[in-house]
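All remarks here apply to the structure that follows.
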């Protein structure tokens with residue numbers, strides 16, 4: 001039976017990740033409803049949208065993501081992680097209200113920007129919050145809940161949007177937003193954040209909740225309190241934000257190495273091709289020549305991605321972060337290369353009658369393998385390898401990079417496919433995945449079950465087995 005402390009950590013993690021489920025619902029909403037908005041049956045009184053406008057609907061959400069990374073990151077540092085979580089809930093509630101009253105394209109753009117803002121907030125605040133409340137031995141499993149809930153939301157989005165009326169989905173999402181906001185109201189603030197702000201009494205009360213400790217504190221609890229005090233003892237008495245912006249704190253070896261690792265691993269997911277697959281599921285399967293209906297393919301892909309995220313949650317603290325990243329990157333490379341080859345043979349006129357199963361199989365494999373590794377592990381290791389004083393600042397800028405790359409990939413994917421075809425794009429994604437695997441093999445340390453002090457020591461140590469090469473940089 002799980003201890004009270006672990007149950008409390010799971011409860012807080014699930015409450016916070018209801019926001020991720022709602023974000024996943026908005027992602028799943030996109031693919032089926034783009035087809036609806038492009039059709040004569042569009043619910044918009046302004047009429048049918050154009051393919052170019054559909055491209056903007058697909059990509060404009062990243063504008064909100066970028067704004068959220070800046071604003072939510074700032075709120076999380078100044079007002080606290082809990083305040084940032086509540087801001088996400090308010091934004092999500094507003095976004096689904098807009099959908100209900102949407103009568104023209106601009107209101108759909110507003111929905112996507114607000115939804116993107118909430119999504120960007122979840123990716124910047126929730127991994128930070130979960131990392132700070134969790135014990136070392138279950139930190140990876142709790143971090144992987146973000147991927148599970150997001151993929152549950154995506155699958156629900158596909159199913160609900162294909163089988164329910166347009167406005168019904170919005171009312172379901174509104175109910176989820178209210179449930180999330182109520183749940184977050186009762187969560188204690190992150191104890192690490194409170195220690196940073198020198199609110200010792202509140203920090204100890206918060207840590208007591210997340211460790212399930214009564215008034216009679218165990219030696220393990222006392223030791224953890226002492227470790228947090230020591231970790232934050234060098235923070236100034238004013239604002240930790242000033243420390244994060246101090247150049248000297250960014251240039252010591254373990255911190256600089258951790259930053260460089262974070263910058264690179266955050267490009268793995270958008271450059272794997274899985275982001276475009278989820279955004280343009282229907283059109284990709286149609287382009288590939290699959291015989292299955294696009295709606296069926298979309299739900300299969302979403303269900304397999306959910307299974308992958310569950311596998312990641314149960315293996316990340318056993319197999320380790322590094323193993324999952326390498327396996328995931330190489331698996332994505334194989335799937336993308338296979339899909340590219342199939343599409344190339346299809347447009348070349350080769351008879352593929354007996355191989356129509358390949359598109360749904362390879363693309364399902366792509367999202368499954370992405371979900372077990374490069375789709376979630378970068379968000380887990382970022383808070384693990386960054387020093388607390390620079391953690392919020394660096395995560396903010398890494399997420400800005402992530403959303404910028406995702407925006408460019410999603411925005412120009414339809415145009416590039418129209419110009420040169422799908423197969424060169426899939427081959428390009430495959431090459432990026434191979435480069436990602438090589439980078440992890442040579443430069444990313446294992447963080448499984450390690451304290452921050454142990455991770456810092458591994459970043460600071462010189463490993464003679466690491467070849468000093470620049471050709472592996474991505």
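Glycine too: its Cβ is placed from the backbone N, Cα and C atoms.
No curator has checked TrEMBL annotations; they are predicted automatically.
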- Note on the structure: TrEMBL feature transmembrane segment, matched against 54-76, 192-214, maps to 54-76
- Note on the structure: Per TrEMBL, the transmembrane segment among 292-311, 452-471 spans residues 292-311
- In TrEMBL, which of 235-257, 258-280 is labelled transmembrane segment? 258-280
